[in-house]
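What follows is a set of notes on a single structure, which appears directly below.
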Amino acid sequence: MFVGLRDIRSARGRFILITVTVAMTALLVSFLSGLTGGLAHRNTAVLDRFTGQAVIAGDSIDRSVIPAPEVDRILGTDPTRAGDDAPTALHLGRGSFGDTGVITAAVTGGAAGEVGGRQAPRPAPGHVVVPDGTARVGDTVTVAGREATVSGTTPDDWYSHQQVVWVNWADTDGTATVVSGLDADATVRDASAAADGTTASPAGPALTATTTADLPDTMASYSAEHTTLLIVNVMLMVIAALVTGAFFTVWTIQRLPDIATLKALGASTWSLMRDALGQALIVLVVGVGVGLALTLTAAAFIGDGVPFVATAGTTVLPALALTVLGVLGVTGALGYVGRTSPLAAMGGQR
C-alpha cells in the first residue's frame with residue numbers, strides 16, 4: 001500500500017472529491033433505505049403481530065371481508081373464546097377518532113398477535129386502546145361514531161398509513177379481514193366443500209391460502225410504494241459503482257507510465273493491483289462510513305414526523321452492498337494494471 005497511500009497524499013484533492021461523492025451517495029442510499037423501511041412499517045405494522053399461515057377472502061387483503069358465519073366456522077368455537085391453540089381472526093375497518101381517520105382493529109380466537117413481547121390489545125366491550133399521546137386512560141372518546149372508554153395505549157400500530165385504534169370484537173360486525181394461525185390449505189378446502197354443499201357448514205367466500213409474511217404483497221399501495229423505492233435505491237447503488245469505477249479507471253490510465261516504470265523496477269502485477277484496490281477500499285470505506293454516520297445522526301433528530309426506521313437491515317446492509325458494488329466497479333481499472341507492459345517505461349524498446 002506504499003504507492004497507493006503516496007498517490008492519495010499527492011492527489012488529495014481528487015480523492016477528497018470522489019470520497020465526498022461516495023459519501024453523498026451513501027447518505028442518499030441509507031436515508032432512502034430507512035425511509036423505505038419506515039413507510040413499509042406504517043403500511044403493515046399491525047400485520048407484523050401475526051405469524052404463520054393465513055387465509056383471506058379473494059386475492060387481496062384490501063378487499064378481504066370474511067363473513068361472520070364463515071369466521072365462526074373457521075375458528076370452530078365461539079368467537080369470544082381465546083384458546084391458545086385456536087386460530088386468530090383479525091378485523092380491520094375504517095373509522096374516525098375525533099377529527100382523524102383511523103383503522104379500527106379487533107382480534108379474537110387464539111392468543112396470537114404478540115410482537116416484541118406485546119400482545120395484541122383486546123379491550124373490553126365499550127373500551128378502546130388508542131395510539132400513544134392521543135388520549136389518557138379513563139378518557140371518554142368517540143371512535144367510529146361510538147363513545148368508548150380508553151383502557152390503554154399502544155405505541156406503534158399502523159395500517160395503510162393510518163394509526164390503529166383497537167376495539168373489542170363484540171363492537172365490530174363480526175367479519176374478519178384475515179384469519180391466521182391455522183392450516184391454510186385445509187381451511188380453503190373446507191370452505192370450498194361448504195360452498196359446494198357437500199358439508200353442513202355455511203357457504204363462505206372464495207378463500208385464498210397465504211402466509212402472514214406474504215400479506216403485505218397483496219396490498220396494492222404497499223407493492224407499488226415498496227417496489228418503486230427499492231428500484232430507486234438499486235439505481236443509486238449502481239450509479240455509485242459506475243462513478244467510482246469511472247474515477248479509478250481514468251486515474252489508472254493517467255498513471256500507466258508510472259505503473260510501467262514500477263513494473264520495470266521489479267514490482268509485481270499483484271502488488272500494483274493490491275495498491276489500486278486498496279485505494280478504492282479506502283475511498284469507499286471512508287465515504288460510505290461518513291454517509292452512514294450522517295444518516296444515523298439525522299435519524300436521531302428527525303422525530304416522528306418522517307417515517308424512518310434505523311435498523312441493521314436499513315443502514316448496515318445497504319452500506320455493505322454499496323461498498324461491494326463500488327469494489328466491483330473498480331475491477332475494470334485493474335485490467336489496465338495487468339495489461340501494462342514494463343517495456344512501456346523504455347518507450348517500447350528492448
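Every residue, even glycine, has its Cβ placed from backbone N, Cα and C.
Residues 8, 161, 216, 222, 225-226, 229-230, 232-233, 236-237, 239-240, 243-244, 247, 279, 283-284, 286-292, 294-295, 298-299, 306-311, 313-315, 318-319, 322, 326 of the same chain lie 6+ residues outside the transmembrane segment (15-40) yet bring a C-beta within less than 8 angstroms of a C-beta in it. The transmembrane segment annotation in TrEMBL covers 15-40 (among others).
For 113-133, the entry in TrEMBL reads region 'Disordered'.
Per TrEMBL, transmembrane segment is recorded for 229-253 (among others).
Sequence annotations record features per position, and here TrEMBL assigns domain 'ABC3 transporter permease C-terminal' to 231-336. Summarised as a single figure, the pLDDT of the domain 'ABC3 transporter permease C-terminal' (231-336) averages 87.
Sequence annotations record features per position, and here TrEMBL assigns transmembrane segment to 280-303 (among others).
Residues or ranges marked as transmembrane segment by TrEMBL: 315-337 (among others).
Counting residues of the domain 'ABC3 transporter permease C-terminal' (231-336) by DSSP class, helix then strand then coil, yields 87 helix, 0 strand, 19 coil.
Residues 11, 14, 18, 21-22, 25-26, 28-29, 32-33, 35-36, 39, 259, 276, 279-280, 283-284, 318, 321-322, 325-326, 328-334, 336-337 of the same chain lie 6 or more positions beyond the ends of the transmembrane segment (229-253) yet place their CB under 8 Å from a CB of it. Distant neighbours of the transmembrane segment (280-303): 4, 8, 15, 18-31, 34, 244, 248, 310, 315-316, 319, 322-323, 326-327, 330, 333; these residues of the same chain sit at least 6 beyond its ends, with a Cβ under 8 Å from one of its Cβ atoms.
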